[in-house]
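According to Swiss-Prot, the features are:
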type: DOMAIN; residues: 23-279; note: domain 'CoA carboxyltransferase N-terminal'
type: BINDING; residues: C27, C30, C46, C49; note: Zn(2+) binding site
type: ZN_FING; residues: 27-49; note: zinc finger
Amino acid sequence: MVWFKRAKPSIFTKDKRDMPEGLWWKCESCGAMLHKKQVEDHFYTCCECGYHFRLSPYQYFSLLFDEKKYDEFDDNLRAADPLHFSDTRKYPDRVHDILEKTGKTEACRNAIGRVSGHDLVISAMDFGFIGGSMGSVVGEKISRAVSKSIEHNAPLLIISQSGGARMMEGAFSLMQMAKTSARLSQLSARGIPYISLMTNPTMGGTSASYAMLGDINISEPKALIGFAGPRVIRDTIKRDLPEGFQRAEFLLEHGFLDCIVHRRDLKHRLSQILGHLSS
(Lines of atoms letter the chains of each structure in order from A and count residues from 1; the text may use other names and numbers.)
(Lines give C-alpha, C1' and ligand atoms only; values in the text may rest on other atoms or scores of the structure.)
Protein backbone atom coordinates (compact mmCIF):
# COMPACT_ATOMS: atom_id res chain seq x y z
CA MET A 1 0.00 0.00 0.00
CA VAL A 2 1.41 3.39 -1.02
CA TRP A 3 0.87 6.11 1.59
CA PHE A 4 2.50 8.97 -0.32
CA LYS A 5 2.53 9.91 -3.96
CA ARG A 6 4.93 12.34 -5.63
CA ALA A 7 2.92 15.41 -6.66
CA LYS A 8 5.57 16.63 -9.08
CA PRO A 9 8.12 14.75 -11.16
CA SER A 10 11.65 14.37 -9.84
CA ILE A 11 14.01 17.28 -10.23
CA PHE A 12 15.93 16.87 -13.45
CA THR A 13 19.69 16.93 -13.08
CA LYS A 14 22.33 16.95 -15.76
CA ASP A 15 24.97 14.31 -15.94
CA LYS A 16 27.45 14.42 -13.08
CA ARG A 17 30.46 16.51 -13.90
CA ASP A 18 33.84 15.12 -13.00
CA MET A 19 36.20 17.55 -11.30
CA PRO A 20 39.39 17.99 -13.35
CA GLU A 21 42.27 16.05 -11.87
CA GLY A 22 44.86 18.19 -10.09
CA LEU A 23 42.51 21.15 -9.59
CA TRP A 24 43.02 21.10 -5.80
CA TRP A 25 46.33 20.63 -4.03
CA LYS A 26 46.79 19.55 -0.42
CA CYS A 27 49.69 21.14 1.46
CA GLU A 28 51.95 18.41 2.83
CA SER A 29 52.91 20.64 5.75
CA CYS A 30 49.71 22.23 7.12
CA GLY A 31 47.08 20.19 5.28
CA ALA A 32 45.38 23.21 3.70
CA MET A 33 43.40 22.60 0.51
CA LEU A 34 44.61 25.00 -2.17
CA HIS A 35 43.27 25.74 -5.64
CA LYS A 36 45.78 25.08 -8.42
CA LYS A 37 45.63 28.70 -9.61
CA GLN A 38 46.31 29.90 -6.07
CA VAL A 39 49.37 27.66 -5.83
CA GLU A 40 50.67 28.84 -9.20
CA ASP A 41 50.18 32.51 -8.28
CA HIS A 42 52.31 31.94 -5.16
CA PHE A 43 55.18 30.34 -7.11
CA TYR A 44 54.07 26.83 -6.13
CA THR A 45 54.17 27.54 -2.42
CA CYS A 46 51.44 27.27 0.22
CA CYS A 47 49.89 30.67 0.92
CA GLU A 48 48.99 29.48 4.43
CA CYS A 49 52.30 28.18 5.79
CA GLY A 50 54.87 28.87 3.05
CA TYR A 51 55.54 25.20 2.23
CA HIS A 52 57.44 24.84 -1.05
CA PHE A 53 56.03 22.24 -3.44
CA ARG A 54 58.56 20.45 -5.63
CA LEU A 55 59.19 21.89 -9.08
CA SER A 56 60.41 20.13 -12.21
CA PRO A 57 63.51 21.41 -14.02
CA TYR A 58 61.33 23.00 -16.70
CA GLN A 59 59.34 24.88 -14.06
CA TYR A 60 62.56 26.26 -12.59
CA PHE A 61 63.74 27.24 -16.07
CA SER A 62 60.48 29.12 -16.70
CA LEU A 63 60.67 30.76 -13.28
CA LEU A 64 64.24 32.00 -13.61
CA PHE A 65 65.11 32.65 -17.25
CA ASP A 66 64.11 35.98 -18.81
CA GLU A 67 60.85 35.73 -20.77
CA LYS A 68 60.98 31.96 -20.11
CA LYS A 69 63.43 31.64 -23.00
CA TYR A 70 66.30 29.16 -22.79
CA ASP A 71 68.16 26.55 -24.82
CA GLU A 72 68.26 23.02 -23.43
CA PHE A 73 71.32 20.95 -24.26
CA ASP A 74 72.44 17.32 -23.93
CA ASP A 75 68.88 16.11 -23.51
CA ASN A 76 69.58 12.94 -25.51
CA LEU A 77 71.59 11.13 -22.81
CA ARG A 78 70.01 7.96 -21.41
CA ALA A 79 70.88 5.67 -18.50
CA ALA A 80 72.69 2.42 -19.31
CA ASP A 81 72.66 -0.76 -17.23
CA PRO A 82 76.33 -1.79 -16.92
CA LEU A 83 75.68 -3.95 -13.84
CA HIS A 84 72.54 -5.65 -15.20
CA PHE A 85 70.94 -4.66 -11.91
CA SER A 86 67.72 -6.22 -10.69
CA ASP A 87 65.93 -6.10 -7.34
CA THR A 88 62.16 -6.46 -7.40
CA ARG A 89 62.38 -5.34 -11.03
CA LYS A 90 65.03 -4.92 -13.67
CA TYR A 91 66.60 -1.47 -13.82
CA PRO A 92 65.85 -0.90 -17.56
CA ASP A 93 62.21 -1.89 -16.98
CA ARG A 94 61.92 0.64 -14.17
CA VAL A 95 63.39 3.39 -16.35
CA HIS A 96 61.11 2.43 -19.25
CA ASP A 97 57.99 2.61 -17.07
CA ILE A 98 58.92 6.08 -15.79
CA LEU A 99 59.43 7.22 -19.38
CA GLU A 100 56.04 5.80 -20.40
CA LYS A 101 54.18 7.39 -17.47
CA THR A 102 55.88 10.77 -17.21
CA GLY A 103 57.98 11.33 -20.31
CA LYS A 104 61.01 11.90 -18.07
CA THR A 105 64.26 10.49 -19.43
CA GLU A 106 66.69 11.30 -16.60
CA ALA A 107 67.01 13.01 -13.23
CA CYS A 108 68.79 16.10 -14.57
CA ARG A 109 68.16 18.79 -17.21
CA ASN A 110 70.61 21.37 -18.55
CA ALA A 111 69.80 24.74 -20.09
CA ILE A 112 71.45 28.07 -20.85
CA GLY A 113 69.75 31.44 -20.96
CA ARG A 114 69.75 34.89 -19.38
CA VAL A 115 68.64 36.00 -15.92
CA SER A 116 68.07 39.76 -15.74
CA GLY A 117 70.39 40.11 -18.70
CA HIS A 118 73.16 37.93 -17.26
CA ASP A 119 74.18 34.70 -19.00
CA LEU A 120 73.58 31.67 -16.78
CA VAL A 121 73.86 27.90 -17.18
CA ILE A 122 71.41 25.90 -15.05
CA SER A 123 71.62 22.21 -14.26
CA ALA A 124 68.42 21.19 -12.44
CA MET A 125 67.61 17.87 -10.77
CA ASP A 126 64.25 16.14 -11.13
CA PHE A 127 62.96 14.27 -8.07
CA GLY A 128 60.27 12.68 -10.23
CA PHE A 129 62.85 10.39 -11.85
CA ILE A 130 63.89 7.71 -9.34
CA GLY A 131 63.97 10.26 -6.52
CA GLY A 132 66.35 12.55 -8.38
CA SER A 133 69.08 9.99 -7.77
CA MET A 134 72.56 10.64 -9.11
CA GLY A 135 73.68 8.12 -11.71
CA SER A 136 76.25 8.18 -14.48
CA VAL A 137 74.03 10.29 -16.76
CA VAL A 138 73.46 12.90 -14.04
CA GLY A 139 77.21 13.11 -13.44
CA GLU A 140 77.86 13.46 -17.17
CA LYS A 141 75.21 16.16 -17.56
CA ILE A 142 76.68 18.19 -14.71
CA SER A 143 80.12 17.73 -16.27
CA ARG A 144 78.80 19.03 -19.60
CA ALA A 145 77.10 21.93 -17.83
CA VAL A 146 80.53 22.88 -16.48
CA SER A 147 81.92 22.71 -20.03
CA LYS A 148 79.12 24.96 -21.26
CA SER A 149 79.88 27.48 -18.49
CA ILE A 150 83.54 27.51 -19.47
CA GLU A 151 82.69 27.83 -23.17
CA HIS A 152 80.44 30.86 -22.59
CA ASN A 153 82.29 32.20 -19.54
CA ALA A 154 78.93 32.11 -17.75
CA PRO A 155 78.18 31.31 -14.10
CA LEU A 156 76.71 27.89 -13.28
CA LEU A 157 73.67 27.26 -11.08
CA ILE A 158 72.95 23.70 -9.95
CA ILE A 159 69.51 23.10 -8.42
CA SER A 160 69.75 20.01 -6.23
CA GLN A 161 66.70 17.87 -5.48
CA SER A 162 67.87 14.34 -4.83
CA GLY A 163 67.79 11.39 -2.48
CA GLY A 164 71.45 10.63 -3.20
CA ALA A 165 73.43 8.20 -5.34
CA ARG A 166 71.50 5.74 -7.53
CA MET A 167 71.88 2.28 -6.01
CA MET A 168 71.07 0.55 -9.33
CA GLU A 169 74.40 1.76 -10.74
CA GLY A 170 76.56 0.87 -7.74
CA ALA A 171 80.14 2.13 -7.95
CA PHE A 172 79.39 3.88 -11.24
CA SER A 173 77.05 6.14 -9.30
CA LEU A 174 79.54 6.78 -6.50
CA MET A 175 82.17 7.74 -9.08
CA GLN A 176 80.02 10.74 -10.01
CA MET A 177 80.77 12.35 -6.64
CA ALA A 178 84.45 12.61 -7.52
CA LYS A 179 83.77 13.38 -11.17
CA THR A 180 81.45 16.33 -10.51
CA SER A 181 83.67 17.70 -7.73
CA ALA A 182 86.74 17.59 -9.98
CA ARG A 183 84.91 19.31 -12.84
CA LEU A 184 83.62 22.07 -10.56
CA SER A 185 87.19 22.78 -9.46
CA GLN A 186 87.89 23.74 -13.08
CA LEU A 187 85.31 26.52 -12.78
CA SER A 188 87.05 27.77 -9.66
CA ALA A 189 90.43 27.73 -11.42
CA ARG A 190 89.00 29.96 -14.16
CA GLY A 191 87.25 32.32 -11.79
CA ILE A 192 83.78 31.37 -13.03
CA PRO A 193 81.17 31.51 -10.23
CA TYR A 194 79.25 28.41 -9.19
CA ILE A 195 75.99 28.89 -7.26
CA SER A 196 74.36 25.93 -5.51
CA LEU A 197 70.64 25.97 -4.75
CA MET A 198 69.51 23.20 -2.42
CA THR A 199 65.83 22.25 -2.35
CA ASN A 200 63.85 19.61 -0.49
CA PRO A 201 65.44 17.08 -0.27
CA THR A 202 69.18 17.27 -0.91
CA MET A 203 70.60 14.11 0.61
CA GLY A 204 73.25 11.40 0.33
CA GLY A 205 75.99 11.58 -2.28
CA THR A 206 74.47 14.74 -3.74
CA SER A 207 75.01 16.72 -0.54
CA ALA A 208 78.44 15.10 -0.09
CA SER A 209 79.64 16.34 -3.48
CA TYR A 210 78.52 19.15 -5.79
CA ALA A 211 75.60 20.48 -3.71
CA MET A 212 77.86 21.79 -0.95
CA LEU A 213 80.67 23.05 -3.16
CA GLY A 214 79.12 26.30 -4.34
CA ASP A 215 80.93 29.61 -4.13
CA ILE A 216 77.53 30.66 -2.80
CA ASN A 217 75.28 28.05 -1.18
CA ILE A 218 71.60 28.96 -0.92
CA SER A 219 68.50 26.99 -0.05
CA GLU A 220 64.74 27.12 -0.17
CA PRO A 221 63.03 27.35 3.26
CA LYS A 222 62.82 24.19 5.40
CA ALA A 223 64.63 22.03 2.85
CA LEU A 224 65.95 18.72 4.19
CA ILE A 225 69.72 18.72 3.63
CA GLY A 226 72.16 16.09 4.85
CA PHE A 227 73.90 12.79 4.18
CA ALA A 228 72.03 10.07 6.07
CA GLY A 229 68.40 10.70 6.99
CA PRO A 230 67.37 11.82 10.51
CA ARG A 231 65.75 8.47 11.31
CA VAL A 232 68.87 6.52 10.32
CA ILE A 233 71.09 8.77 12.45
CA ARG A 234 68.72 8.57 15.41
CA ASP A 235 68.58 4.78 15.26
CA THR A 236 72.37 4.59 14.98
CA ILE A 237 73.41 6.90 17.82
CA LYS A 238 70.37 6.08 20.00
CA ARG A 239 69.82 9.74 20.83
CA ASP A 240 67.23 12.35 20.00
CA LEU A 241 68.36 14.91 17.44
CA PRO A 242 68.18 18.70 17.90
CA GLU A 243 64.94 20.32 16.78
CA GLY A 244 65.01 21.11 13.08
CA PHE A 245 68.15 19.02 12.58
CA GLN A 246 69.18 18.87 8.89
CA ARG A 247 66.69 21.57 7.92
CA ALA A 248 67.91 24.60 5.99
CA GLU A 249 67.38 26.96 8.94
CA PHE A 250 69.55 24.77 11.20
CA LEU A 251 72.31 24.64 8.58
CA LEU A 252 72.20 28.40 8.06
CA GLU A 253 72.56 28.96 11.80
CA HIS A 254 75.62 26.67 11.85
CA GLY A 255 77.35 28.24 8.86
CA PHE A 256 76.71 25.65 6.13
CA LEU A 257 74.53 27.99 4.05
CA ASP A 258 74.95 31.58 2.94
CA CYS A 259 71.24 32.38 2.77
CA ILE A 260 67.72 30.98 2.59
CA VAL A 261 65.54 32.41 -0.18
CA HIS A 262 61.78 32.12 -0.61
CA ARG A 263 60.90 31.04 -4.13
CA ARG A 264 59.07 34.29 -4.89
CA ASP A 265 62.35 36.14 -4.29
CA LEU A 266 64.63 33.62 -6.00
CA LYS A 267 65.06 35.33 -9.36
CA HIS A 268 65.59 38.74 -7.74
CA ARG A 269 68.22 37.34 -5.37
CA LEU A 270 69.98 35.53 -8.21
CA SER A 271 69.98 38.75 -10.21
CA GLN A 272 71.63 40.54 -7.29
CA ILE A 273 74.26 37.83 -6.92
CA LEU A 274 75.04 37.72 -10.64
CA GLY A 275 75.25 41.51 -10.73
CA HIS A 276 77.74 41.60 -7.86
CA LEU A 277 79.83 38.77 -9.32
CA SER A 278 79.96 40.26 -12.81
CA SER A 279 81.08 43.64 -11.50
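The chain as shown is numbered from 1 upward.
Glycine is no exception: its Cβ is also placed from the backbone N, Cα and C atoms.
Feature map: annotations from Swiss-Prot on the structure.
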residue : record              : CB count, 10 Å
C27     : Zn(2+) binding site : 18
C30     : Zn(2+) binding site : 12
C46     : Zn(2+) binding site : 21
C49     : Zn(2+) binding site : 13
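Note on the zinc finger (27-49): mean pLDDT across this stretch is 94. Sorting the zinc finger (27-49) by DSSP state (H, G, I as helix; E, B as strand; all else coil) yields 6 helix, 4 strand, 13 coil. In sequence order, E28, S29, G31, A32, L34, C47, E48, G50, Y51 are the residues of the same chain, not among C27, C30, C46, C49, whose CB sits within 8 A of the CB centroid for the Zn(2+) site.
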